[in-house]
Amino acid sequence: MQAKLALEDGTVYTGRAFGAAAESAGEVVFNTSMTGYQEILTDPSYTGQIVTMTYPLMGNYGTTALDAESDRVRVAGFVVRELTQVPSNFRSTRDLDGYLRAAGVTGIEGIDTRALVRRLRVRGAMNGVLSATESDDAKLVAKAKAFPGMAGRDLVREVVPPKPFTWTEGFGRFAEHVLPARPADRHVVAVDYGMKWNILRCLTQVGCKVTVVPGTATADEILSYDPDGIFLSNGPGDPAAVGYAIDAVKGVLGKKPVFGICLGHQLLGLALGAKTFKLKFGHRGANQPVLDRRTGKVEITTQNHGFSVDPSTLPAGAEPTHVNLNDQTLEGLRHTGLRAFSVQYHPEAAAGPHDSSYLFEEFRTLMG
Ligand SMILES: NC(=O)CC[C@H](N)C(=O)O
């Protein structure tokens, strides 16, 4: 069956459909990870985005419930050069085609993903429509143009959990790697703006009991648990559009140690008075080099973001700790007086290299 990907600049790519025979609009972005497609598909930060993989072959190892980063597929659509015809892995319970079909999400294969990614790099991330049901190019381009885009959009409200809960799944798949167990002797409230589950596994692994609260929680609600520390999660959309979350972070700062990842980092920056801006095409992949300015060490990191904190707007007391070596953008900050720090990238590494796992230990140390 045919599928088409139309961009707002009028470009239309025609390929083969897989997954669900449906249609969706989104911001078209690209990810440079070679593996980890299931973690990418289920990352709530991709809400409203059609994800293109630069690596040419996807689906090789199928899918398994163990690798999901949330309870469902979150991307608006999935674009690959080639979908594996013969997936093979002992952990796999369903192939990628069936996984997307069950989720109601459309995929397209067989298009020139190199040309698409070059276009996105030159012009910047663009809005698009992926359709397995409409073959009229002009109609699809018109729909791509009508999509509102990411800037100014609060997508957090669409993905927050309905009510607070306690994470009871422990290390999850970490157990497979036989990491040493640490008794849970710290209590963290994790503010969930669309959190990847591996963050919960990592917090558990460093000895934290975790209470998850919706990203709409107020400062008073968060503090009512009297936690040892507060974690601010990743999440979709424009950080500057989530005023209620910025206010909640302002209200907890200085009262408890705070650690933020990705959207959580951006919200911490905004709460401190800094500004965020939209990157041209963002950072998405498992191979982004980041310099830790405190140690001079370089980490290879997993990333997924389209916005960034402008370091020139950081107030006195907030120190830029990490920098992206591809484009020199801010990748981490710390405010020692307020016992708060954050990184723009994903130390929970799902999927991705584990270079940055030390940050969970730093959070643990900050909690005393
Ligand atoms: N992974 C995230 O938390 C992404 C944060 C934000 N939505 C961005 O695109 O920059």
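In case you wondered, yes, glycine gets a Cβ from its N, Cα and C as well.
Residues or ranges marked as domain 'Carbamoyl-phosphate synthase small subunit N-terminal' in TrEMBL: 1-131.
If you look up TrEMBL, you'll see 1-186 marked as region 'CPSase'.
In this structure, GLY237 (L-glutamine binding site) belongs to neither helix nor strand by DSSP; it is coil. Cβ-based neighbour count (10 Å, all protein chains) for GLY237 (L-glutamine binding site) stands at 26. Annotation comment: TrEMBL describes SER45, GLY235, GLY237, LEU263, GLN266, ASN304, GLY306, PHE307 as L-glutamine binding site.
TrEMBL lists CYS262 with the feature active site, nucleophile. Listed in sequence order, the residues of the same chain lying 6 or more apart from CYS262 (active site, nucleophile) and placing their CB within less than 8 Å of its CB are SER45, SER233, ASN234, GLY235, ASN304, HIS305, VAL343, GLN344, TYR345, HIS346.
Cβ neighbour count for HIS346 (active site): 26 (other Cβ atoms within 10 Å of its Cβ, all protein chains included). Per TrEMBL, the feature active site maps to HIS346 (among others).
With a 10 A radius on its CB, GLU348 (active site) counts 29 other CB atoms from all the protein chains. Here TrEMBL flags GLU348 (among others) as active site.
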Revision key, fill the gap. Whole-number Å distance separating the Cα atoms of PHE307 (L-glutamine binding site) and GLU348 (active site) is 19
Review point. Which of these recorded positions (SER45, HIS346, GLU348) have a C-beta closer than 6 Å to some atom of ligand 1?
Key: SER45
Practice item. Tell me, if you would, which residue among GLY235, GLY306 (binding-site residues) has the fewest other CB atoms within 10 Å in the structure shown? Key: GLY306
Revision key, fill the gap. Between the C-alpha atoms of GLN266 (L-glutamine binding site) and GLU348 (active site), the distance in angstrom, to the nearest integer, is 17
